[in-house]
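Features as listed in TrEMBL:
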- 12-65: domain 'C6H2-type' (DOMAIN)
- H218, H316: protein binding site (BINDING)
- D235, D246, E373: Zn(2+) 3 binding site (BINDING)
- D246, H309, E342, E373: Zn(2+) 4 binding site (BINDING)
Amino acid sequence: MAGGSDAVESTTLSCAKCGKPAHLQCPKCVELKLPREGAAFCSQDCFKVSWSSHKSVHSKSISSSAPVNPGEQNAASQNDGWLYCLRKGNARSHELPHFDWTGQLRPYPISKRRPIPNQIDQPDWALDGIPKIEPNSDLQYHVEIKAPDQIEKMRETCRIARDVLDAAARVIRPGITTDEIDAVVHEVTISAGGYPSPLNYNFFPKSCCTSVNEVICHGIPDARKLEDGDIVNVDVSVYYKGVHADLNETFFVGNVDESSQRLVQCTYECLEKAIAAVKPGVRFREIGEIINRHASMSGFSVAKSYCGHGIGDLFHCAPNIPHYARNKAVGVMKAGQTFTIEPMINAGVWRDRMWPDGWTDVTADGKRSAQFEHTLLVTFIGT
């Protein structure tokens, strides 16, 4: 059963595998509104053993009620409903992909892409998923000093992004799905006149990233319900008046164990210590030294596959801001530069693995990871 289970309302049902009293039900059967008989199981183990035969029930139901046109590709597949995401968002599947999962979490099906009103200003990847200006921009190689009008637009966009993240935080609780969090992010962003920057960026299928437990970053909102004791990072980015804002925070879901609380607290402290060092003349590589020092002293490791980045008219550009020690980032901070700092701190090893969806990056040992992020403007002291 992918990533968790839903409680069966009646305790009179029997496990489809062994006949014992059933306490769990296949979430796909619930989604397809199939009969509960034959879809109830006493444990994850029984479900896993039965999966190869049980999954055919889903395919038969889908094919009889909503046949898929074999010629449909990529974007058209988004109309197929709740499906598993594959190939960085370019493909969908009715079946859970095979993978050597590192932890307890599993992907769940995702909903179709949410629409954007025509009056919303959209980045150049909104329609076809391909950024066009960003990859070839000179700003990938030198750090822009923002003009006053750009800075003011970024302040306004960052305020919107803050409101969006706060709205997402208010709905986080056990039982809510990460897809429902994404719906809040989408609607609040649109209501403010903004575009959710991640939506269709290199085919990312959702309006925010929701990274649960062992997910380091870029988790895709799906049908899994958050469980008591989870931690979840919500990463929000907004495009408004031609500029982007980017921030994220990690939240507790219900009653979280003490070790997870220490991990999240340390990650927040890493960001705060890094922000305190930002001023003209500081080398970009110093940020990683500061973060790594605090994380390692607390018994944690720093993820190395992703880093902070420049931001403004472009979603991602120079400079790169690594979060680990002995990095090779070049350059020094200057007033008027804008970039993100977003440490990803792991409870275990720093190494990571990528899920079959091509986006969800998880810890190699299945232990938990936390992240916090802000968009920063370098100013002279007191300005």
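Cβ from N, Cα, C; glycine included.
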Query: Of D246, H309, E342, E373, which binding-site residues are close to H218 (protein binding site), meaning a Cα within 10 Å of its Cα?
result: none
Query: D246 (Zn(2+) 3 binding site) has how many other Cβ neighbours within 10 Å of its own Cβ?
result: 25
- prompt: Sorted by position, what residues of the same chain at least six away from D235 (Zn(2+) 3 binding site) have a C-beta under 8 A from it?
  reply: P198, C208, C209, T210, S211, C217, H218, D246, L247, N248, Q371, E373
Message: Between H316 (protein binding site) and H309 (Zn(2+) 4 binding site), how many Å separate their Cα atoms?
response: 6
Task: Return the residues near H309 (Zn(2+) 4 binding site), defined as same-chain residues 6+ apart in sequence whose C-beta is under 8 angstroms from its C-beta, sorted by sequence, else 'none'.
output: H316, C317, A318, P319, N320, I321, F339, T340
Message: My understanding is the cutoff is Cβ-Cβ under 8 Å with a sequence separation of 6 or more in the same chain; which residues meet that for E342 (Zn(2+) 4 binding site)?
response: D246, N248, L271, Y306, C307, G308, I321, H323, Q371, F372, E373, H374
